[in-house]
Amino acid sequence: MKLKARLVTGVLFITLVACGLLVLNGNLRVAVEFTADPAAGQGAGRAAQGAETSRYGGKAAVGPANKKLLNEEYGVNSNVSNGLSAMSSGQNPNKSPEKGIHEENKIVERPPTVAHKLQSTVQKNRTSQKTGILYTGSKLRRLFQNPLYNIPERVSTADYLLKPARWLHATAEERKHIKLGENSGEDDKSANGNGGNFTMGNGGNVQVPVRQKANDEESIIHKHKKHHHSKTIKKSKEKKLPAPTYKSEEVLHEKKPWRLLQFGITRYSLYARNDPNVEEVLKAIRTQEVTYVEMKPGGTQLKLFMEFEDTSIGLFKPWRWPRDRETPPDHFYFTDYERHNAEIAAYHLDRILDFRRCPPVSGRWFNVTSEIRQKSEDEKLLKTFFVSPVGNVCFFGDCSYYCNTEHMICAIKDHHMLEGSVAAYLPRWQEAPRKTWKHPWKRSYSRVRKADWEVTDGEAFCRQVRSTPPYDKGRRFGDLLDLTVYDFLMGNMDRHHYETFKAFGNNSAPIHLDQGRAFGRTTHDEISILVPIYSCCSIRKSTWLRLQLLAKEDYRLSDVMRESMRTDPIAPILTEPHLLALDRRVGIILDTVAKCIQKKGAENVLLEDLKDT
Ligand SMILES: Nc1ncnc2c1ncn2[C@@H]1O[C@H](COP(=O)(O)OP(=O)(O)OP(=O)(O)O)[C@@H](O)[C@H]1O
Ligand SMILES: [Mn+2]
């Protein structure tokens, strides 16, 4: 009770401070109300409304200053510029690139969550209280301090994915409607504040629910529990392990960064810009003892579930070939090897584009014997281990592609050491079920057949997509274009499906998973990935502005990517030619958009997601 009282007082205090800042800074960028794609939908409108009445929100003070926001204060040209020339234009001496830094203190970020506050001991040791990010390099720092990366996010209680997180963020009144003792994260319609307006499973021929993954995901948990806590888990329950029960005290005492990170998942992103748990989770992935390993069923190539000392789960993908090996030109995208370093680079890119839709991923060296083989009870996996003629420990596992002796995965250092990537795992399926959607511009995955979009007029195909749920309203169409930008930059042709959390219905950000086939070629830019942007002649405004920033010398994408990945335990993650390809591709996107704007006018091309009036 005492703790609860203190918590309420703390939150009230934050609200007061936030409101104070709003009042004091009439021309503040705080005024820009940011809902992920407010342009479009009722859904987003509802979210915004929710945010206004939320105790974190306060009324947005919209001032005339915001109108000048784009061209002056973001440090980008809001007039239509040629992408390649923007890349070489350098900085306008009249507009200080540092402006964002000086004004930093005025900017109200998403307020610290209660989960963050609970972690105060961890935060105390951080070098940067403000951002919670340990960056030393100047360009990345400058980028994240730019106002474009400090647009406040209006997150309301209802926007949090997990029930304990909603409870932590709720007012006393709202808490009455959140029954923590109950299991499912989905059933609590009263608490998610959407008035039953979720259109889950809404029809339309673009969406294709694919496969039930619950069993896959539960399996590691079952086996692990059986192994370590066999007394507490009854056999009869193994088939359908319930989601965790949440008791308020348990929630309040939650200290594990991986769990606190999950509490930060919202309708808009997997983590907040200032969430210190991201770095904490990366640190945990890099240093924690591996306690259990099992093959992840499903998917085409070998992946391992890995459980760590702190009970968190990671998804491991192994080193397959050297970083400078290019995908052979005759290789189909669907037969290409997955690259662990692509998964790591994709996480950094996602974050640098400010999407925050990809779970944190880190590289790590593992001892194949002591940290994989000896930690597994998975017979199917164990029987594939062997020692190669030169004495390296190898295995190949069980999967549909490349799981055979010809494609073995071998230790590449000291006979035992193997590099891999580990992605922080999303909340368990039972707690937060996800829906899988077919990407409308999915490739055919056949050597001979063409996909629909390849044999249909581009504009007509785009119109068809835009008139079909979930792309007809809400934020999803903008998200699809963001995904296009993301995939084009990485050269990822393997985006067949994407996932969202069911609890959010149609109006939520997609989760960026499975980038293992990205970063395959350095000299080739796969223009067909850009087709959605090209044939719809559309892009999200905030993304377009960020790309312009990343095209500038002071924020150059290759430089911030290099810097962002420098601290990874298996750095360098990308070779220089891959980094330089990123800059070239930024130029291509900006050129494509510039041509669209010339043809159709900015108001018809840019999807407004920055309300500035
Ligand atoms: N970090 C994660 N947390 C939770 N689930 C994940 C995570 N990463 C991947 N998954 C789940 O595992 C599935 C398979 O992973 P991934 O797509 O990376 O492997 P894949 O072998 O490329 O699969 P596919 O052949 O289906 O493309 C994903 O579709 C997703 O549902
Ligand atoms: Mn895949």
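Cβ atoms here come from the backbone N, Cα and C positions, even for glycine.
So that you can see what the record holds, here are the features copied from TrEMBL:
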ACT_SITE  D494  active site
BINDING   Q301, K317, E338, A423, A424, Y425, L426, E499, D514  ATP binding site
COMPBIAS  193-204  compositional bias 'Gly residues'
COMPBIAS  222-238  compositional bias 'Basic residues'
DOMAIN    385-605  domain 'FAM20 C-terminal'
REGION    182-205  region 'Disordered'
REGION    221-248  region 'Disordered'
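The two recorded residues, E338 (ATP binding site) and D494 (active site), have Cα atoms 10 Å apart. Across all of the domain 'FAM20 C-terminal' (385-605), the predicted model scores a mean pLDDT of 96. When the binding-site residues Q301, A424, L426 are checked against ligand 2, none has a Cβ within less than 6 Å of one of its atoms. Summary for the binding-site residues A424, L426: the Cβ-based neighbour count within 10 Å is maximal at A424. Listed in sequence order, D494 are the same-chain residues six or more apart from D514 (ATP binding site) with CB atoms under 8 A from its CB. In the vicinity of ligand 1, defined as a Cβ distance under 6 Å, the following of the recorded positions Q301, L426, D494, D514 are placed: Q301, L426, D514. Just so you know, the Cβ of E338 (ATP binding site) picks up 23 other Cβ atoms within 10 Å once every protein chain is counted. Under 8 Å, Cβ to Cβ, and six or more positions away along its own chain, Q301 (ATP binding site) finds K317, Y337, E338, C399, Y401, Y402, C403, G516. The DSSP secondary structure for D514 (ATP binding site) is coil.
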